[in-house]
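Visitor: Here it is, the structure, as structure tokens.
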């Protein structure tokens, strides 16, 4: 009996204890189990802005409770709570914290967390002066706050981590930050290139400031390049972020002087003269202006160095801009002579020289009386000259007429083809005659008229071409559209072709159609046929304009090729220039899209692949330029007009024999001066095309007249590095512009190098939009009077040439140097 009562007593006691220990279901602390990780939504708000937080609700919600840092959130004159939404007017840094929305419903409770940071802090790369003490206090405060919910790590200042790529010069201090939080406080560790990063892995070590979640590396060197990853973790989760560091070595190079400056001057006696010298140097340069003088009747001293007089040298308070200009006032005849701009740094010396010529002021002189005999001689000479010109004109006209006739009647086969097209021309004797006689060369029959009822060519009968079943497309399957462009005798129109794909006979394809204009000649017809046959022989490749078909029967000749909707590469690049960097500023200009460095390298890579394929087919382009590269809707580069190139089977060069108009600014020296064309002359043109790409459609040699280009190229001048171009790509251009053709790279080598560069180039490397306007070359015609480009600017650098005698150095710091011709 007693034992039964004892058992009953203990049962009642245990039941009461369990009921007392059961927590209240309304406590907000139990809204989320302590063992579960929590998702946190981050908000960055600038001081003074409106903060709005909205809670996600279920349909059966019964109550909503808002907390901040675990404390009940109360309404105030700035804080308004309306059920599932909280609004804070004119937010201040004190409003920062972890907000929680706790909802209760019959199905259970749910909590949504918001991390709010009210700050106007700068991004990580610019925020280097943090108050570590305040951060430490904040961290300690976080640790000591009671009743904190378990929270997986989260970023507290993601805006400071937006810049992922950091390119810094050598010897600079680098600081990467990963500001974060969580409950319990997370730990921080760093990886380099995916491996654990310890202080002894780096010369000089590094510092980690856990209070500010940052790593600091002093005096970085090229070996510090790599990917640095911060890992923040606690028992409820882990997050990471990667920074990329690129350390740029300072360029050890002597000063670079802009080509063409100072320039020669010819002035009148008593005038004022200004010489200018542009100097580019990474180490601080020392600039002097010198005048060459004579000593005892000699300009050269016993040491074989010229005698010079120092006219201007840098002082303590003199700026480089002041030193780049030399002013001479009220010049006399004694001021005439040679002047030199000498610039030196710790690496070496550079100099450019110019001549000053002083003339007497022009005076009006009385007209010289001419004798009757002198006048008679002038009249006879003028008459003889005019008669000679008339006779010469008649002879030239006769020769041209004879050439045109023999061109067609005796040599009508198309010279541009490796295999000539069989064309036969019928000459009708009379309208009544049923007989006709054929010309001696096998060509095509004429006599058909175009659909308009008029001859296709003025003065040329329409020719019937042999049908090629592989390429022939019925005319009723081709619908012509708007014109795309035209030349002197040909035009290109947009069209829709039905059934180009034999497997899909009803598919409609947008195409471009080449055709002749009404005033074209027999030569133009043969050229178009030649281009068509050349495209058949070349075959298909992704990076060339491919032949799709032709209409050769029952009407004019239509050559059907691929359509590139975005126009040529030059226009494509110019349309995507950043706003404000056009040469004639247009405030309404909106670029199509922003191009990254990888986009530009990809353009060059695709063109190189197309040229590699043409070279493998023994095809020399002769006119490779951005204007002859077309861009499709999918941004695929396609080389055009290669059908006009020459097919070579037995020799690997082509020597031009006619005097057609040539694009001289893209031509290699051997093509320009000796009229020799090879694959290596195409490589030179590819180097100019590279320069066009990285100047976003700039015009080569801006401000340089064509007549001066020959002299400049012979002297070894080359265009300078574009602003948006790496040193590696510029060296590729310079290799393409090597004076010796055999020393230039092949297209196969260019494809391999560009393929490697594309793989290493980041998609996030956008062009430098802060570059000054004059770093780009103008896209307008090269005239010195252009309002959009400066004729005084030069973009040339100079290849090293044999040394000239050196100047003695007259300040002590230049005592052992000399002048060398660049």
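Even glycines carry a Cβ here, placed using N, Cα and C.
Annotations for this protein, taken from Swiss-Prot, read as follows:
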- 25-119: domain 'Ig-like C2-type 1' (DOMAIN)
- 77: N-linked glycosylation site (CARBOHYD)
- 117: N-linked glycosylation site (CARBOHYD)
- 120-154: region 'Disordered' (REGION)
- 136-145: compositional bias 'Basic and acidic residues' (COMPBIAS)
- 158-246: domain 'Ig-like C2-type 2' (DOMAIN)
- 227: N-linked glycosylation site (CARBOHYD)
- 240: N-linked glycosylation site (CARBOHYD)
- 255-357: domain 'Ig-like C2-type 3' (DOMAIN)
- 264: N-linked glycosylation site (CARBOHYD)
- 296: N-linked glycosylation site (CARBOHYD)
- 317: N-linked glycosylation site (CARBOHYD)
- 330: N-linked glycosylation site (CARBOHYD)
- 398-822: topological domain 'Cytoplasmic' (TOPO_DOM)
- 478-767: domain 'Protein kinase' (DOMAIN)
- 484, 485, 486, 487, 488, 489, 490, 514, 562, 563, 564, 568, 627, 641: ATP binding site (BINDING)
- 623: active site, proton acceptor (ACT_SITE)
- 766: site 'Mediates interaction with PLCG1 and SHB' (SITE)
- 778-822: region 'Disordered' (REGION)
Visitor: Out of 25-119, 158-246, 255-357, which stretch has the largest tally of CB pairs under 8 angstroms to the domain 'Protein kinase' (478-767)?
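Guide: Between the candidates 25-119, 158-246, 255-357, the best contact partner of the domain 'Protein kinase' (478-767) is 158-246.
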Visitor: Quick check on the glycosylation sites 117, 227, 240, 296, 330: which one has the highest count of other Cβ atoms within 10 Å of its Cβ?
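Guide: Per the Cβ count, the most surrounded site is 117.
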Visitor: Using a Cβ-Cβ cut-off under 8 angstroms and a sequence gap of six or more, which residues of the chain neighbour residue 562 (ATP binding site)?
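Guide: Once residues fewer than 6 apart are set aside, residue 562 (ATP binding site) is near 511, 512, 545, 546, 548, 632, 638.
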Visitor: Please list residues from the chain of residue 486 (ATP binding site) whose Cβ is under 8 angstroms from its Cβ, counting only those at least six apart in sequence.
Guide: 492, 517
Visitor: Of 484, 564, which of the binding-site residues has the most Cβ neighbours inside 10 Å?
Guide: 564
Visitor: Inside 10 Å of the Cβ of residue 77 (N-linked glycosylation site), count up the other Cβ atoms and send me the figure.
Guide: 7
Visitor: Rounded to an integer, what is the Cα-Cα distance in Å between residue 117 (N-linked glycosylation site) and the residue listed as 'active site, proton acceptor'?
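Guide: Cα of residue 117 (N-linked glycosylation site) to Cα of the residue listed as 'active site, proton acceptor' measures 60 Å after rounding.
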Visitor: Of the glycosylation sites listed here (77, 264, 296, 330), which is spatially closest to residue 564 (ATP binding site) when Cα positions are compared?
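Guide: Of the glycosylation sites 77, 264, 296, 330, 264 has its Cα closest to that of residue 564 (ATP binding site).
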Visitor: Using DSSP, how many residues of the domain 'Ig-like C2-type 3' (255-357) fall into helix, strand and coil, respectively?
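Guide: Split by secondary structure, the domain 'Ig-like C2-type 3' (255-357) comes out as 7 helix, 50 strand, 46 coil.
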Visitor: May I ask which of the recorded positions 227, 240, 296, 484, 490 is closest to residue 623 (active site, proton acceptor) if we compare their C-alpha atoms?
Guide: 490
